[in-house]
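The structure under discussion appears below in the form of structure tokens.
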Amino acid sequence: MRALAQALPSLLLRLLLTPTPGALGTNPGLVVRITNKGLEYVAREGSMVLQKKLLRITLPDFTGDFKIKPFGRGHYGFHSLSIHSCELRGSALTPLPGQGLSLTISDSFIRVQSEWKVRKAFVKLHGSLDVQVKGITISVNLVLGREPSGRPTVTASGCSSHIRDVEVDISGDLGWLLNLFHNQIESRFRRVLESKICEMLQNSVTSDLQPYLQTLPVTTEIDSFARIDYSLMEAPQATAQMLDVMFKGEIFNREHYSPVSFLAPVMSLPEQYNRMVYFAISDYVFNTASVVYHEAGFLNFSITDDMVPPGSNIRLTTKSFRPFVPRLARLYPNMNLELQGAMASAPFLNFSPGNLSLTPVMEIEAFVLLPSSAKEPVFQLGVATNMSAMLTFNTSKITGFLKPGKIQVELKESKVGVFNVELLEALLNYYILNTLYPKVNEKLAEGFPLPLLKDIRLYDPVLEIHKDFLFLGTNLQYMRA
């Protein structure tokens, strides 16, 4: 018991300090920040959709009785009610901390047309009705959430609508009679419209907005090697001035998923609001891609003599190596060589303010091609270089380009004696510049897509490089069909 008591504090400390699987990767790889400017645009687009919905509202018929001296009792009814025109003005979408967004529409207008009938004993009369509904105010909370699959959700909560003024114009025989109790008619219209407006709005959130949010991709294919995980890590977070959406942003092998051994960094986003939306893309996104392509062998290469340019000072033959590696020529006379190269590890992209760089290290092994078709290893080289990188934005994708740097070649191991690698350095530099760089830049030019809803176009981009992340500010446009 005493031994257990002594070991218990140490055991508890280890449990507290050991991260659980659920605690890993808590930082998003990509953050989308929607500013007030972006929310204003979304509110305008949303009000246009709601305006079309209002025009399709079906209003119920309603009836009533009247008693007016000296005419006595009678019965009236309104039917064929339809919204003839409407105009939603003053729309605003504001962050609602802890919930999502608040949509308000103010100072709006609806015109309703209808037919009326009046029955008094055996007398039946009819006419038309024109209702001007003014000063409509609508408000609803949009509660944002996250599905287990990682897609966003939205539900409508706390809808209210208020009508400031209803003006009824009744024409036709005995229209003046109905005008005597127009307050009662106006009150009925007010109650019906206020109820129908909220019903329409809640239905629109369920049947239009929620399915539209489902068009946000959870995973997106990049190419035959990789896909990117754009699942939400948590529900979108609203603050006083913006809405932040946190995505996992991990690129993984499309055939099988294996977790990486590093985490996304904490990103300190700058306070900028000139664009509608900002994308903060951490080095985690790019470096998970590097791991995938490295494990797939995308950057592996081999060089044989037939790939050496005719004017080269060195050939990949043992005869050509005779002046500086005589032992190689003696042991393997008149044979060809092959150089096989691979990255020592996945090269990581380094972000510093205004600068992008990589320092890849390659391992190259030389083989003699024996007459029996077997390959005999003879020496190993280490190749290091510093590269600068450039990232660009192309309508919906982040693309890149590598700029070559000077390479340094080192003899790591040799079975044929120590020798000067200067001539091999020139050969490798030629191959890297003319074959490896173009291959990598062709892949980088394909880029990877940003997480966008259907029919959204980005324009007017501004790119900034910060510590650990790329910051892209852009405006957006909804491409209506």
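Quick reminder: no glycine exception, Cβ is built from N, Cα and C everywhere.
Fair warning: this is a prediction, and the values are worked out from it, not measured in the lab.
Within 10 Å of the Cβ of Cys198 (disulfide bond) there are 18 other Cβ atoms, across all protein chains. The feature disulfide bond is assigned by TrEMBL to Cys159-Cys198.
Among the features that TrEMBL reports, domain 'Lipid-binding serum glycoprotein N-terminal' is placed at 33-256.
Residues belonging to the domain 'Lipid-binding serum glycoprotein C-terminal' (271-474) score a mean pLDDT of 93 in the model. Per TrEMBL, the feature domain 'Lipid-binding serum glycoprotein C-terminal' maps to 271-474.
The signal peptide feature in TrEMBL is assigned to 1-25.
All protein chains shown were included, and the count of other CB atoms within 10 Å of the CB of Cys159 (disulfide bond) stands at 17.
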